[in-house]
């Protein structure tokens with residue numbers, strides 16, 4: 001019954017969530033059905049939609065600003081219509097049993113420490129279209145080509161929604177490139193700067209919480225951006241997962257009092 005309600009709401013969200021969500025993939029193409037096995041669809045029952053990343057059978061990584069109500073996690077999703085009609089047999093749905101946000105996060109700043117761990121109510125089964133993604137062993141270097149993916153808008157500011165996840169390749173830049181485009185960013189930050197300087201490709205409304213993948217590891221989390229997506233000379237900041245690996249591993253190990261780096 002819960003899944004039926006979720007799928008019905010997803011139909012409504014296809015028409016309405018652009019006004020309520022935060023980031024999507026612009027300038028990409030439909031992802032290959034086999035390349036997004038770790039991509040989670042994070043549905044918040046208040047009507048907000050995010051992406052997420054499966055990092056082991058029981059845990060999903062997403063953005064802290066996606067914490068806007070009770071959460072359902074769908075894995076193995078490709079074409080939303082197939083899920084809604086029951087054609088897709090590889091989809092698994094889980095309830096968020098626990099949610100963990102950095103206890104030292106600034107409560108009045110959604111951009112601060114924008115990372116959240118979701119523990120699902122039961123482990124997922126690894127399958128053809130569901131598998132976890134590795135945490136980073138090292139941070140990505142400037143110039144790296146990385147992959148973003150999600151169900152977010154594919155045009156901006158006039159929103160077009162795809163119904164399938166879209167993927168795009170973007171580049172890692174020095175953090176100062178993002179600071180030049182967004183002076184409100186702090187002098188130092190635990191974020192990655194990524195995008196295309198010419199514009200035309202990037203995350204946008206609806207992709208929040210989704211992954212920035214470099215060399216088969218989750219290196220970033222879609223966090224926030226401008227009013228119009230994928231603008232020239234305006235790469236976007238992504239939460240830098242490498243800086244939070246110790247916190248992530250501590251929480252998963254049962255140390256729920258662990259704090260994030262300042």
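Every residue, even glycine, has its Cβ placed from backbone N, Cα and C.
The shown structure was predicted, so the numbers you read here are calculated from the model rather than taken from an experiment.
Across the domain 'Peptidase S1' (25-253), the prediction's mean pLDDT works out to 89. Taken from Swiss-Prot, the feature domain 'Peptidase S1' applies to 25-253, supported by sequence analysis.
Annotation comment: Swiss-Prot describes 31-167 (among others) as disulfide bond.
Sequence-distant contacts of residue 66 (disulfide bond), defined by Cβ-Cβ distance under 8 angstroms and a gap of at least six in the same chain, are 42, 44, 48, 50, 52, 116, 208, 209. Marked as disulfide bond by Swiss-Prot: 50-66 (among others).
The active site, charge relay system annotation in Swiss-Prot covers 65 (among others), and the record cites similarity to another entry as its basis.
What Swiss-Prot lists as disulfide bond is 102-260 (among others), and the listing cites sequence analysis. All chains included, 21 other C-beta atoms sit within 10 angstroms of the C-beta of residue 102 (disulfide bond).
Cβ environment of residue 114 (active site, charge relay system): 63, 64, 65, 221, 223, 224, 239 lie under 8 Å away, each six or more residues apart in the same chain. According to Swiss-Prot, the active site, charge relay system annotation covers 114 (among others), on the basis of similarity to another entry.
If you look up Swiss-Prot, you'll see 125 (among others) marked as N-linked glycosylation site, on the strength of sequence analysis. Counting every protein chain shown, the Cβ of residue 125 (N-linked glycosylation site) has 11 other Cβ atoms within 10 Å.
Long-range Cβ neighbours of residue 146 (disulfide bond) (same chain, at least 6 residues apart, Cβ-Cβ under 8 Å): 140, 169, 170, 171, 172, 194, 212, 213, 214, 219, 220. Swiss-Prot lists 146-214 (among others) with the feature disulfide bond, giving sequence analysis as the kind of evidence.
The annotation N-linked glycosylation site is assigned in Swiss-Prot to 158 (among others).
Feature annotation from Swiss-Prot assigns disulfide bond to 178-193 (among others). Under DSSP, residue 178 (disulfide bond) is assigned to a helix (H, G or I) in the three-state scheme. When Cβ atoms from all protein chains are considered, those within 10 Å of residue 178 (disulfide bond) total 21, not counting its own.
What Swiss-Prot lists as disulfide bond is 204-229 (among others), and the listing cites sequence analysis. Secondary structure from DSSP puts residue 229 (disulfide bond) in coil.
Taken from Swiss-Prot, the feature active site, charge relay system covers 208 (among others), and the record attributes it to similarity to another entry. Mapped onto three states, the DSSP output places residue 208 (active site, charge relay system) in coil. Counting Cβ atoms from all protein chains shown, residue 208 (active site, charge relay system) has 30 others lying within 10 Å of its own Cβ.
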Item checked: Cβ-Cβ distance under 8 Å to residue 31 (disulfide bond), same chain, at least six residues away -> 39, 78, 149, 164, 165, 166, 167
Checklist line | Rounded inter-Cα distance in Å - residue 102 (disulfide bond), residue 178 (disulfide bond) | finding: 24
Item checked: Sequence-distant neighbours of residue 260 (disulfide bond) in its chain (C-beta under 8 A, six or more apart) -> 102, 103, 104, 105, 113, 115, 244, 247
